[in-house]
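Colleague: So TrEMBL says this about it:
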| type | residues | note |
| --- | --- | --- |
| BINDING | GLY19, LEU20, ASP21, ASN22, ALA23, GLY24, LYS25, THR26, GLY65, ASN121, LYS122, GLN123, ASP124 | GTP binding site |
| BINDING | THR26, THR43 | Mg(2+) binding site |
Amino acid sequence: MCFDPPQAPEQEVRLLLLGLDNAGKTTVLKQLAAEDISHITPTQGFNIKSMQSAGFKLNVWDIGGQRKIRPYWRNYFENTDVLIYVIDSSDRKRFEETSLELAELLEEETLATVPLLIFANKQDLMTAAPASELAESLRLHTIRDRMWQVQACSALTAEGIQVNIEMDTVCKLYSVEARGRYGASLVYQSLMPNYYISYFLSVTKPGGGP
C-alpha cells in the first residue's frame, strides 16, 4: 500500500547503477529522471541524478561499464542502499562476461546484503532473452544473502523502467527482508520503526499508464 508519508526530515537513498558497456545504463538513468534520451553517449566516468519521491531524495549513480573503468566501481560502493545492475538481454555473447562481473560485485564486503535489482534491458529487440532465462544464466536462485529481483524492461520505450521500494525508516537502513522473488518489493527495516513510509518511483509508459 502506498500513502503520503508523515512530515519528517528528508531521507536520502543511494542507488548504484552498474553493468557492462552498452547495456543501456545511462538511458535507464535518463528515463528514471524523465529526461530526453535522444542523445546518449558512452559514460567515461559517472553520471549522477537526484530525484524527489514521496519525501525522499533519490541519488542515482551511473558508472561507466567499459572494461578499463570497472576496477574503479568499488570507489562508489560505500553507503549504497540498492544495487541496480543493467544487462543487454539481446547480447547473449556477453552473458558469461556480465555474469562474472555480477558475481564479483556480490562478493564485495561493502555491498553485503545490499538489495539487487536487475534490469533485463532491450526487451524491445526480437533477440532479447526473457528475464527468466537471464535469471537462470546468472544463477540468481543461489543468492541467499540479499533480496533480488529481475525486471524485464526497455530503456528505449520506458517499458518496465520502475523501482518499487517500501521502507520502514527513521535513521539508518540496516537489514533486508525478502518478499518472494519476481515482482517482489524491496523491503527495508530501520533501527527505530517510528513510522512507515512507502514510495514508488516509476517512469510511465507512452500513453500515460504506469
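Note: Cβ is positioned from N, Cα and C throughout, glycine not excepted.
Please treat TrEMBL annotations as automatic predictions, because they have not gone through curation.
Map these features onto the structure and tell me what's around them.
Modeller: Long-range C-beta contacts of ASP124 (GTP binding site), restricted to its own chain and to partners at least six residues apart, with a cutoff below 8 Å, comprise SER154, LEU156, THR157, GLU159.
The number of other CB atoms found within 10 A of the CB of THR26 (Mg(2+) binding site), across every protein chain shown, is 21.
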Colleague: When you measure from the Cβ of GLY19 (GTP binding site), how many other Cβ atoms are you left with inside 10 Å?
Modeller: 24
Colleague: Since the record lists ASP21, ALA23, LYS25, GLY65, LYS122 as binding-site residues, which of them has the fewest other Cβ atoms within 10 Å of its Cβ?
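Modeller: The binding-site residues ASP21, ALA23, LYS25, GLY65, LYS122 were compared, and ASP21 has the fewest Cβ atoms within 10 Å.
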Colleague: Can you see whether DSSP assigns ASP124 (GTP binding site) to helix, strand or coil?
Modeller: coil
